Amino acid sequence: MTDTNHSSMRQHSLQSLAIAAIGVVFGDIGTSPLYSLKEAFSPAHGIPLTPSAILGVISLLFWAIILVVGIKYVLFVMRADNNGEGGVLALMALSLRPLNPKSRITGLMMALGIFGACMFYGDAVITPAISVMSAVEGLEVATPQLSHLVLPITIVILIALFWIQRHGTATVGKLFGPIMVLWFVTIAALGIYHIARAPMIVSAINPYYAFSFMSEHVLLAYVVLGSVVLVLTGAEALYADMGHFGAKPIRLAAYVLVMPSLVLNYFGQGALLLLDPKAIENPFFLLAPQWAALPLVVLSTVATVIASQAVISGAYSLTSQAIQLGYVPRMKILHTSELAIGQIYVPVVNWLLLFVILCIVIGFKSSDNLAAAYGIAVTATMVITTILAAVVMVKVWNWNKLLVAMIIGVFLVIDLGFFGANLLKVEQGGWLPLGIGALLFFLLMTWYKGRHIVKERTAADGIPLAPFLQGLLAHPPHRVSGTAIYLTGNDTLVPVSLLHNLKHNKVLHERTIFMTFVTRDIPYVKDHERVTVHDAGEGLYIVKAEYGFNETPDVKAVLEEVARQRGMTFELMDTSFFLARETVVPTHLPGMSIWRERVFAWMHQNAAKPTDFFAIPANRVVELGTKIEI
């Protein structure tokens, strides 16, 4: 094949990935024109709809997109990939790699990363609510007589969206890219039409209007910043979804279609307001002629459902990562596609999200009321991403500290400005994502610390495996036919389940495997590096299986690899899996306060069973109980 053909294929692949990325990565930020400008000129802010104010706000929107999306995320943050993977937990894992595990900075970076992940969930319950609701509210413009149906229709759409999750979205997901391309082309065309009617709006490109607006209104302008940040909702997805599509396709989509379309639409809305300030009641839908209003409502609703789907899938992926990294208890994870590795479904997360989202929709009743709650989760995550990226630049990339200080300083001023402006909205609704984030942060930190204490207690009371096996082989118990697999969290200690089996049954299987799963701080582990097998003699094997934080442990696949390496065969129905069922008992021992220990014990009790998590046949499992005092 010629170099020209290779180049053509690469180009085609890049374009295909870019279109696919548009359907997943840019749904959230792509639907922000539905409510952003309307919220900026909310009557509660008291900003007059004068030409200078309109130009000033549009200028702020424009430069926010350029600086935060176009420069910070696309040019800088997306460079900080963890073996190709992005997202706040991947960035945290990367930033922790060169640090001393016992240093304070390590604890701070870990806490920041976990809090950033928790704030994502705060964002994940608001995005579907505000996006779908704002789209359906277009009925108030298209067919005012149906305005009383906005809330019921929103609820029905959201319930249907979460109901279909268990069946997977791989089939309809192929349509997401083309539909979102149509969406961006449509909003760009609507913007261009009105820009042509009021070309004066183009002067908002000049940052003078942004600075003039800020200096003229000062305090009010700072409040407006809390609404301006709504144009950036979903910017974090550019980085978080990098592992699915790669940096190049996302950059191509951002610069060629997404950012130009967003800018054109915001400028079009600004032009409409210059022509008719009364259009502020719903500037997005009033961009369309009356005959196109209803089709635009339908397209908007589909686009917001796609945006919501991206957030929901992101919540599943983040939960899976957090489980593998040890910050969240085991949960049942179902794979909804045999072909697409990343297509997963987490039932607990799905139904909790739906419950909270429905409560939000019913409680807030309109997208206007909900807008105040939106920005704070986004800006908090932006600040955390900037700080973690700074650590990576200095510690991992070894960049000049002065250069990093200059770059990060500019980004932090912008991020903290937006975050501070959103703190003013805590009383109006900002308490919601903050409360969700704080509660989840407490639970995740409690789980992480509790597991650390359990490991310490287990290690202190544990028996080293190597000398134990030597003694066992010197004075072997009665051997029985078949294979026994002992799942253990520490490959240097004797599994408690083995001690119980020897104590009560006084037998050892002719083939005994001690299997440990280890999660590394990279997203994926190469197949040839995954499984190591140590032959301890006389049919005893120590197996260590390493997985990345984006992977799900697979007992069956590990056994197949062990069989390949050692020339064995395994019959699942002739194999027994021995597990230790730990019962955590809160005490007044040093570690955590007794009430946190009780919370941890409750989480531990309600974690998914290892049989469900590791997909082990339940009828082949022997569980032996053990108590651990913490």
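Yeah, the Cβs are placed from backbone N, Cα and C, and that goes for glycine too.
Taken from Swiss-Prot, the feature transmembrane segment covers 17-37, 51-71, 105-125, 144-164, 175-195, 218-238, 255-275, 283-303, 344-364, 374-394, 402-422, 428-448.
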Requested in this report: Would you kindly check 175-195, 283-303, 374-394 and say which stretch has the most C-beta pairs under 8 angstroms to the transmembrane segment (218-238)?
Outcome: 374-394
Requested in this report: May I ask which of the stretches 283-303, 402-422, 428-448 has the most CB pairs under 8 A with the transmembrane segment (344-364)?
Outcome: 428-448
Report summary line: Spatial neighbours of the transmembrane segment (428-448) not adjacent in sequence (6+ beyond its ends, CB under 8 Å) are 44, 111, 114-115, 117-119, 121-123, 125-126, 322, 326-329, 356, 360, 364, 369-377, 380, 422, 592, 596, 599-600, 603
Query raised in the report: the transmembrane segment (17-37) and the transmembrane segment (374-394): do they have three or more Cβ pairs under 8 Å, with pairs 6 or more apart in sequence?
Result: no
Report task. Could you pull out which residues elsewhere in the chain have a CB under 8 Å from any CB of the transmembrane segment (17-37), counting only those six or more residues past its ends? Result -> 57-58, 61, 69, 127, 130-131, 134-135, 173, 175-181, 183-184, 187, 227-228, 230-235, 237-238, 241, 244-246, 248-250, 252-254, 256-258, 261-262, 265-266, 269-270, 273, 283-284, 300, 303-304, 306-311, 313, 367-368, 371
Report summary line: Lying 6 or more residues past either end of the transmembrane segment (105-125) yet within Cβ distance under 8 Å of it, the residues of that chain are 88-89, 91-93, 95-96, 99, 233, 236, 311-312, 314-315, 318, 322, 327, 353, 356-357, 360, 374, 376-378, 380-381, 384-385, 387-388, 391, 432-434, 436-438, 440-441, 444-445, 448
Report summary line: Counting only residues at least 6 beyond its ends, the same-chain positions whose CB falls under 8 A of a CB in the transmembrane segment (144-164) are 128-129, 132-133, 136-137, 301, 305, 308-309, 312, 350-351, 353-354, 357-358, 361-362, 365-366
**Report entry** Leading contact stretch, 51-71, 175-195, 402-422 vs the transmembrane segment (283-303) - CB distance under 8 Å
**Finding:** 175-195
**Report entry** Close approaches to the transmembrane segment (51-71) from elsewhere in its chain (Cβ under 8 angstroms; 6 or more beyond its ends)
**Finding:** 29, 36-37, 40-41, 200-201, 203-210, 212-214, 216-217, 221, 224-225, 228-229, 231-232, 235, 238, 254-255, 259, 262-263, 266-267, 269-270, 273-274, 382, 414-415
Query raised in the report: By Cβ distance under 8 Å, which residues at least 6 away from the ends of the transmembrane segment (175-195) in the same chain are close to it?
Result: 19-24, 26-27, 30-31, 33, 201-202, 257-258, 260-269, 271-272, 275, 287-288, 296, 299-300, 302-303, 306, 309
